[in-house]
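Below you'll find the structure, written out as structure tokens, and then a few comments.
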């Protein structure tokens, strides 16, 4: 495989020379109906990717296919899955796909022995998680006072919180409808003491199980919250070691610690933001909904992973989505992307994608540490529809910057409690707004009053399925993970480290240790941090 910068590719120069089509012409003109029918492809597990409202045409799609070939995007994806050392900065493999590979013999047989061993390790840990969850649900594991556990709290931050929390919220309604709710579930992430205090104030402390998630075992915020919770439990006359579970690595200070009821392990080959399908997400979600639900989620993710191996970009939704995103960011210069799920269940999904995308591809040097001159990962933001329509859509429609949009929608609601009101159901109203927004952003509107004129030409895509189920959620998560990795390959980035996270953390440690001077001291003095207690 060859690793080269994007601007060294012949297809890149070709894309720069092609004039982008007008959406008013290609989508809203006489060929629009046929375009809507054709510009769509499967993404796995019933999920579909629709790109008719993107500013691409046959010429651009051909050039994007050439770029995919020139940058060997699928070959690099296959190499990653086979255990190549893709994380160059930290000299590590990238193996989160193995956590949802299951026991597919044909898939495993082609993998190197070392990778098969890692798959066996991940599978063993997942089986331990399932056994532990069944023990809790069936009453085999109880509190120190003999009561069954009723609630579970995940304590973690970053990838140990954003992904698992987003997935839990996404499945909560589905689980209620299908009577799959096993335990009430909560999350603590911020080191802000009000976060933990507020969550704990609403809990039956005696019957709550706490999951501490830190791969390194040294995460400041997570360890601080653990001690906060332990303090509150002791004040209530409870013993913390009878109510804590750890999720960490086998080399962390938390490993094999008798102060935890159980410990479950991951490794350095699974990055935090890619860890939702590992034990990082499995423990809390299996306790919340049971092993079968999480198993269906994994199967949906595995199906999307297999779809991402397709060479033809028009049959590979993640690859096509990635290439169009590279075209919009680097060729057209669009700086942002809005993720707009028309499902309240996905309320926190944009926040997870924000970390997944911006921490992966928010880089200004290539995978060899050499500065690059072209634009890379966009700023990601989003909010569920129709809430966002009453918030920031004004800017999206009439602002001076074009923001590509990624809509997500489902034909049916999760709970099914949807009476006809004023001639239509709530779900019909929701979906009518999705359709209206796609066309409105593309077509715009002319008016004699400039203040009421909409320029249109605002590109969007649509990911949709019949319903948000565990399988479609797994495919949705894997689609974005694979999309972001493909983009990193195209830009020649290392999408699996996060050096930008470290600088501020290091300075904060100096401040708390009183090792400050100059402007750092001046800002610290605003909060009287020089006189903060140290123990």
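Backbone N, Cα and C atoms are what each Cβ position is placed from, and that goes for glycine too.
It should be emphasised that the depicted structure is a prediction, and the values quoted were computed from it without experimental measurement.
Now, the feature entries from Swiss-Prot:
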type	residues	note
ACT_SITE	359	active site, proton donor
ACT_SITE	390	active site
ACT_SITE	505	active site
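Location within the structure of each feature annotated in Swiss-Prot.
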residue : record                    : contacts (Cβ under 8 Å, 6+ apart)
359     : active site, proton donor : 273, 498, 500, 501
390     : active site               : none
505     : active site               : 220
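When secondary structure is read from DSSP and collapsed to three states, the residue listed as 'active site, proton donor' falls in the helix class.
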